[in-house]
Amino acid sequence: MDSVIEDVRVRKILDSRGNATVEVDILTWNGFGRAAAPSGASTGSREVVAFPDGGVDKIISEVEDLISSELIGMDAEDIADIDLVLKEIDGTDNYASIGGNTTVAVSMAVSKAAAASYNLPLYKYLGGNLVNEIPYPLGNMMNGGAHAGVNAPDIQEFLIVPVGANNITEAVFANSSVHKKLKELIQTKDSLFTGGKGDEGGWIPNVSNDVALEIQAQACEEVGDEIGIKISPALDMAASEFWDANQEKYIYSQDNVSRDTGDQIEFVKDIIETYNMIYVEDPFDEADFDGFKELNSLVGDKCFVCGDDIFVTNKEILAKGIEMNAANAIIIKPNQIGSLSETYATVKLAKENDVAPVVSHRSGETTDETIAHLAVAFGAPLIKTGALGGERIAKLNELIRIEEELSNPIMVKLDK
Ligand SMILES: C=C(OP(=O)(O)O)C(=O)O
Ligand SMILES: [Mg+2]
């Protein structure tokens, strides 16, 4: 009774890139949940459709009433049933008619409303009373590729993990210290540096990929020494973005170098070993399961080899990756698959097979903090949600609040 849905409201709001996205309010008899959908720039080709033609305006004029009339009277606790109803309303297998961004915002808002109906925070409602592990934040330090402008590195994200941090506060401030240090270091290498930042708040340096890798490592070391904890470098290469299918090569335009798959395997392995990278995401094109498999067999014992565009949070595609041993980590972005229950199914399969779920933001974000709760509820070892910027700190500051609420919080144990 407490969680029976009484009203559904859908509105158009801004995302961090200035594009329109959808925010959904769910009102129950005794609760309220609000969630907004993010959006990607370097999207995997097998992600569900974000919005149909007509975008958010069409959702508000044509879809909102359809969803409200089905959901009002249902129990917000029955999230799996509600996700099925959304699928039925959509009627396609990739949310092409009402948009995965619409369904994911409804699905997350419903679960938040259910939690609020019983006066529980979402992480506890979904994860249970014994949940006490906090994920390490993968902080975004420098941006290139599709998240930056011309002259930036081809590698999309230069990331760090403060693996020695004892709690989330120490972790997020370690990340912001490295971000500050990098500004100084970039200025020594790039005389034209204006202090510009990319979509996720990392600096955009006008330097080669190699120079960016060097200063990333230097910043980790110097700040790590200053504050007395180990900080490890990490990458999201987003390699699908610079894979040329005709030439069958990865084109590093900033360095004037192209690499075939064999060269790319060697190049990435060398980076991982030279810089002791703890995590490398999307080092190959989204279709290259063999490249992933080869790299994972070479470095998977010491580094998270993580698939984003290749798996798109899709359980069936992940199953193929597991069968091939293509990766030991998977990015979890709820709007890649369109609902919370489908997201959970993928997380469950990953965990059952020792593939680490890495809960992630998108490059276009809002101040919605839901993924902080999902990361804790799912027991994710890592959360990827930037380091700075209002839409990024919304999640990081929520983790600080969650840690404060837990009776016996510990940082999750990373097995790398
Ligand atoms: C967050 C990412 O970018 P986007 O949201 O543009 O896919 C990513 O590639 O991991
Ligand atoms: Mg990625």
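Placed from the backbone N, Cα and C atoms, the Cβ positions cover glycine too.
Now, the feature entries from TrEMBL:
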- 5-126: domain 'Enolase N-terminal' (DOMAIN)
- 131-409: domain 'Enolase C-terminal TIM barrel' (DOMAIN)
- H147, E157, E281, D308, S360, H361, R362, S363, K384: substrate binding site (BINDING)
- Q156, K333, R362, S363, K384: (2R)-2-phosphoglycerate binding site (BINDING)
- E200: active site, proton donor (ACT_SITE)
- D236, E281, D308: Mg(2+) binding site (BINDING)
- K333: active site, proton acceptor (ACT_SITE)
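When the alpha carbons of E200 (active site, proton donor) and S363 ((2R)-2-phosphoglycerate binding site) are compared, the span between them is 6 angstrom. Listed binding-site residues: H147, R362, K384; maximum Cβ neighbour count within 10 Å falls on K384.
Closeness to ligand 2 is met by D308, these being the binding-site residues among D308, S360, R362 whose Cβ falls under 6 Å from the molecule. Of all Cβ atoms in the protein chains displayed, 25 besides its own lie within 10 Å of the Cβ of K333 ((2R)-2-phosphoglycerate binding site). Within 8 A of the CB centroid of the Mg(2+) site residues D236, E281, D308, the other residues of that chain are Q156, E157, L235, M237, A238, V280, D282, C306, G307, D309, I331, S360, K384. Excluding H147, E157, E281, D308, S360, H361, R362, S363, K384 themselves, the residues of that chain whose CB lies within 8 A of the CB mean position for the substrate site are, in sequence, G40, S42, N140, Q156, E200, D236, I331, K333. In sequence order, the binding-site residues near H147 (substrate binding site) (Cα within 10 Å of its Cα) are Q156, S363, drawn from Q156, D308, S363.
On the backbone, the CA of Q156 ((2R)-2-phosphoglycerate binding site) and the CA of D236 (Mg(2+) binding site) stand 6 Å apart. Other C-beta atoms found within 10 angstroms of the C-beta of S360 (substrate binding site) number 26, with every protein chain shown included. Cα separation, K384 (substrate binding site) to D236 (Mg(2+) binding site), rounded: 10 Å. Counting in whole angstrom, E281 (substrate binding site) lies 4 from D236 (Mg(2+) binding site) by their C-alpha atoms.
All protein chains shown were included, and the count of other CB atoms within 10 Å of the CB of the residue listed as 'active site, proton donor' stands at 31.
The two recorded residues, D308 (Mg(2+) binding site) and R362 (substrate binding site), have Cα atoms 11 Å apart. Distance noted between the C-alpha atoms of D236 (Mg(2+) binding site) and S360 (substrate binding site) is 12 Å.
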